[in-house]
Amino acid sequence: MDSLPYFLGFGVTALLIWVSTPLAFRIGLVDRPGGRKNHRVETPLVGGAAMFCGFLFAVLSINDSLSHLRPFFAGSALLVIIGILDDFRELPVWVRFLSQVIAALLMTVGGGVVVENLGFLFDAQEVHLGAWAVPFTVFGVVGVINAFNMSDGMDGLSGMYALTTLLFLAWAAANGGMGGDQRILLVLVSVVAGFLAFNYRFPGRHRALAFMGDAGSMFLGYALVWFLVSLSQKPAAPISPVTALWLVALPLLDTASITLRRILKGRSPFAPDREHFHHIFLVAGWSVPLAVNMMVTMAFTLAGLGFLGHYTGVSQWLMFYAFLGVFLVYFWGVRRAWKVMRALSSSTYQPREQISSK
């Protein structure tokens, strides 16, 4: 296998972050302390654009036909541009939402990547969506994009989530004999790794050197949902639709859980707060690296269970209801954890580590 695209993906992404950081400070493309945010210094929001450019540069060196991915490139470019504008000055929610819907339509109508069936959710009966396939897929695409956007609250977390899912997807593509998809997925792995070189808190590093911003979280979310759907809907698909849920389980569980909690409290599901899963660890006094490593381990474990269930022949309906069971336990556990934390704390929570609210 030619390794040049992967070296280019990592190297170009890292180089672009490094050279664009001074420019980001000059033009104000930075995440500033204050408000709901608790980081202490301005941090450049250049990771998303760097990953996208690194990805484009790397895939050009692959000797595969990429014509079927033109809608993916177009949708990704749209989300990155809107994300950069949002990072400069926060855009209205409807603008971001509209861009995500357009990207989803590029995926479904333009690219033909659609969730046409949900697998065998009721034992021997496969669930086909028929006329509801495109609307369902658009809803799912927007949901996954926002799940990754909302998970981008601690240094390294969203990037490590994406890296975990991409590695499992690349493995699945290899097992299914889909070399072209595998190469694209490994390029995505390389660009995320290039970003994490600046974002992850390695030993001796006390803060991130760059953030991915909305441009990066939307790009990664879109890339993941594209290949989750593509690999689960192809003839002789290497993963089932239910397995796809497990591969992004933790971001989906957190987003669904916090959205439901906000609605039950009579609040907007889009209203930012500090009640995400990762905030529990910080309230409990964990450091950011320890909390991130714990959550990534959990995400890897859940993805691994889904992968193992698929390749050992566990019934899809059983894996689906197991996923619903995990969600119920997660929802109850997080609510209970917050009640305990509030009972133990007599003062307003002030984190000692860098986090953000989404």
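Quick reminder: no glycine exception, Cβ is built from N, Cα and C everywhere.
Here's what TrEMBL has on this protein:
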TRANSMEM  6-29  transmembrane segment
TRANSMEM  41-62  transmembrane segment
TRANSMEM  68-85  transmembrane segment
TRANSMEM  97-115  transmembrane segment
TRANSMEM  127-148  transmembrane segment
BINDING   Asn149, Asp214  Mg(2+) binding site
TRANSMEM  160-178  transmembrane segment
TRANSMEM  184-202  transmembrane segment
TRANSMEM  209-229  transmembrane segment
TRANSMEM  241-260  transmembrane segment
TRANSMEM  280-308  transmembrane segment
TRANSMEM  314-332  transmembrane segment
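The stretches the transmembrane segment (41-62) and the transmembrane segment (184-202) meet in space: the count of Cβ pairs below 8 angstroms, excluding pairs fewer than 6 apart in sequence, reaches at least three. By the count of Cβ pairs under 8 Å, the stretch nearest in packing to the transmembrane segment (127-148) among 68-85, 184-202, 209-229, 314-332 is 209-229. The Cβ of Asn149 (Mg(2+) binding site) has 25 other Cβ atoms within 10 Å, all protein chains considered. Residues of the same chain lying 6 or more positions beyond the ends of the transmembrane segment (184-202) and with a Cβ under 8 Å from any Cβ of it are 5-14, 17-18, 47, 50-51, 54-55, 58-59, 62, 69, 155-156, 159-160, 162-163, 166-167, 169-170, 173, 208-212, 216, 220, 223, 227, 288-289, 292. If one looks beyond the transmembrane segment (68-85) by at least 6 residues along the same chain, the residues whose Cβ comes under 8 Å of a Cβ in the stretch are 29, 45, 48-49, 52, 55-56, 59, 91, 95-96, 99-100, 102-104, 106-107, 110-111, 145, 184, 213-219, 222-223, 226.
For the transmembrane segment (6-29), the residues of the chain that approach it from at least six positions outside its boundaries are 42, 44-47, 49-51, 53-55, 57-58, 61, 84, 87-88, 186-191, 193-195, 197-198, 209-210, judged by C-beta separation under 8 angstroms. Counting only residues at least six positions away in the same chain, the Cβ atoms of Gly48, Ile82, Gly83, Asp86, Asp87, Arg96, Asn149 sit under 8 Å from the Cβ of Asp214 (Mg(2+) binding site).
Where the transmembrane segment (314-332) meets the stretches 160-178, 209-229, 241-260, the count of C-beta pairs under 8 angstroms peaks at 241-260.
Long-range contacts of the transmembrane segment (280-308) within the same chain: residues 154-157, 160-161, 164-165, 168, 171-172, 200-201, 239, 242-243, 245-251, 319, 323, 326, 334, 337-338, 341, 345, 349, 351-355, each at least 6 residues beyond the stretch ends and with a Cβ under 8 Å from a Cβ of the stretch. DSSP assigns Asp214 (Mg(2+) binding site) to a helical segment in the three-state reduction.
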